[in-house]
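Some features that Swiss-Prot has for this protein:
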type: TOPO_DOM; residues: 1-56; note: topological domain 'Extracellular'
type: REGION; residues: 1-21; note: region 'Disordered'
type: COMPBIAS; residues: 1-11; note: compositional bias 'Basic and acidic residues'
type: TRANSMEM; residues: 57-77; note: transmembrane segment
type: TRANSMEM; residues: 78-98; note: transmembrane segment
type: TOPO_DOM; residues: 99-131; note: topological domain 'Extracellular'
type: TRANSMEM; residues: 132-152; note: transmembrane segment
type: TOPO_DOM; residues: 153-168; note: topological domain 'Cytoplasmic'
type: TRANSMEM; residues: 169-189; note: transmembrane segment
type: TRANSMEM; residues: 191-211; note: transmembrane segment
type: TOPO_DOM; residues: 212-236; note: topological domain 'Cytoplasmic'
type: TRANSMEM; residues: 237-257; note: transmembrane segment
type: TOPO_DOM; residues: 258-275; note: topological domain 'Extracellular'
type: TRANSMEM; residues: 276-296; note: transmembrane segment
type: TOPO_DOM; residues: 297-316; note: topological domain 'Cytoplasmic'
type: TRANSMEM; residues: 317-337; note: transmembrane segment
type: TOPO_DOM; residues: 338-357; note: topological domain 'Extracellular'
type: TRANSMEM; residues: 358-378; note: transmembrane segment
type: TOPO_DOM; residues: 379-386; note: topological domain 'Cytoplasmic'
type: TRANSMEM; residues: 387-407; note: transmembrane segment
type: TOPO_DOM; residues: 408-427; note: topological domain 'Extracellular'
type: TRANSMEM; residues: 428-448; note: transmembrane segment
type: TOPO_DOM; residues: 449-470; note: topological domain 'Cytoplasmic'
Amino acid sequence: MDSQYETKKNDPNAIMPYPESNDEHVGEVRGLGGGIMDKEPEAQEGHAKFHRLGWKRLTVVLIVEAIALGSLSLPGAFATLGMVPGVILSVGMGLICIYTAHVIGQTKLKHPEIAHYADVGRVMFGRWGYEIISFMFVLQLIFIVGSHVLTGTIMWGTITDNGNGTCSLVFGIVSAIILFLLAIPPSFAEVAILGYIDFVSICAAILITMIATGIRSSHQEGGLAAVPWSCWPKEDLSLAEGFIAVSNIVFAYSFAMCQFSFMDEMHTPSDYKKSIVALGLIEIFIYTVTGGVVYAFVGPEVQSPALLSAGPLLAKVAFGIALPVIFISGSINTVVVSRYLIERIWPNNVIRYVNTPAGWMVWLGFDFGITLIAWVIAEAIPFFSDLLAICSALFISGFSFYFPALMYFKITRNDAKSQGKKYFLDALNMLCFVIGMGILGIGTYAAIQDIMDRYDHGKVSKPYSCAPLA
């Protein structure tokens with residue numbers, strides 16, 4: 001322990017690891033008054049509480065983070081890009097994201113003190129890197145919560161036929177309340193219990209969508225054989241339109257942003273490999289089958305999300321089945337950002353364990369505040385969905401691609417056991433870096449162009465509008 005404190009003294013930017021459960025200093029945390037509370041039982045209990053995650057539950061929470069209703073936007077991406085490019089991109093991006101998640105896992109094992117993605121910025125670039133990535137991390141997570149508020153609003157509107165004139169703001173408020181309530185459990189081991197419901201929900205919604213669209217198409221003139229799907233991109237495809245479709249596929253694999261946060265709660269972090277491989281293969285299967293099958297059943301007129309193509313009645317059924325995934329997948333982002341902020345503000349305070357009255361008050365306050373901010377942003381910005389696309393291009397390109405490449409070159413490169421393997425990994429990580437830069441540049445351009453097109457066609461709504469979104 002003396003060497004750790006000497007390291008901190010010599011390097012102010014060093015991130016010191018949290019003490020392990022058998023560390024004699026585990027209880028030496030500060031209370032509300034700032035004094036040391038020697039070997040406090042709450043600290044020992046709290047430390048154990050936040051180290052209960054095994055690889056199976058890690059897989060579940062990664063699924064909650066990664067697989068949401070956005071998977072039903074992939075048939076629309078396939079309709080734009082064509083069946084062959086769609087399948088190649090879906091499988092290829094999935095394999096690349098499995099690898100970049102592996103790099104993130106290796107980085108966590110080499111630097112156990114990294115508790116959230118922002119911390120790796122300090123390891124690689126010092127304080128300025130920490131602050132920049134922290135800003136990206138918090139903003140993107142809050143925007144994702146906001147997107148689930150809007151998705152919930154659309155869902156309620158579809159199920160209730162827009163509530164016979166009910167203001168859509170009411171549906172937004174109801175969605176925000178549900179997101180807040182589901183974010184109350186502070187540990188990911190607890191969230192994983194909801195994750196099983198989440199996974200069954202999205203699988204059932206996808207299955208209903210595929211069956212319903214298949215039946216509708218088979219009953220039309222000419223049957224399934226008459227559906228005009230294509231192997232190749234549609235004619236007159238613009239760069240912006242094409243890259244938005246590519247972005248929908250890329251962003252479907254954007255689970256890396258929360259991987260450090262989840263791994264920090266594992267009791268055996270080295271088991272992460274099982275989780276990322278399992279998740280990656282599940283995602284590749286679901287996304288490729290969903291995108292390809294629904295596009296083949298509906299054709300170029302497929303709606304986004306695709307369950308809207310299932311017909312009025314079955315769209316309501318599918319949305320109802322998907323209700324858990326809309327809110328559980330959204331609430332986990334609130335948990336991640338709340339955990340990060342509390343651990344940043346009170347790194348040595350028993351509050352961060354959320355097992356005292358003061359800890360629970362702070363936790364509920366952060367959950368409520370983040371959900372409120374997400375709702376306000378989602379309702380106040382008329383082009384919020386497009387702004388989310390810009391932020392995703394700016395930030396997820398880093399979290400999933402070029403930051404892991406930089407981690408490899410700055411942290412894990414020397415772990416390669418042979419020169420040939422090192423050269424291969426050098427090339428692979430250069431490819432990841434180039435992909436990230438391409439998404440950053442072209443993706444941002446495509447999202448901005450889409451906003452301009454929507455303004456030109458009068459498709460941008462007003463702030464806090466009561467108009468139905470469904």
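The backbone N, Cα and C atoms fix where each Cβ goes, glycine too.
Sequence-distant residue pairs (6 or more apart) of the transmembrane segment (191-211) and the transmembrane segment (428-448) include fewer than 3 whose Cβ atoms are under 8 Å, leaving the two stretches without contact. When each of 237-257, 276-296, 317-337 is scored by its Cβ pairs under 8 Å to the transmembrane segment (428-448), the top-ranked stretch turns out to be 237-257.
For the transmembrane segment (387-407), the most Cβ-contacting stretch among 57-77, 169-189, 237-257, 276-296, 358-378 is 237-257 (pairs under 8 Å). Counting only same-chain residues 6+ beyond the ends of the topological domain 'Extracellular' (258-275), those with a CB under 8 A from a CB of the stretch are 50-56, 58-59, 61-62, 65, 101-102, 104-105, 108-109, 112, 114-117, 119-120, 187-189, 332-333, 336, 339-340. Only residues 6 or more beyond the boundaries of the transmembrane segment (57-77), in the same chain, are considered here, and those with a CB under 8 A from a CB of the stretch are 86, 90, 148, 151, 188-189, 191-192, 194-196, 198-199, 202, 205-206, 209, 245-246, 248-249, 251-255, 257-259, 262-263, 266, 271-272, 274-276, 278-279, 282-283, 286-287, 290-291, 294-295, 298, 302-307, 309, 322, 325-326, 328-330, 332-333. Of the Cβ pairs linking the transmembrane segment (78-98) with the transmembrane segment (237-257) and spaced 6 or more residues apart, 3 or more are under 8 Å, so the two regions touch. Contact between the transmembrane segment (132-152) and the transmembrane segment (276-296) is absent: fewer than three CB pairs lie under 8 Å, with pairs separated by 6 or more positions in sequence.
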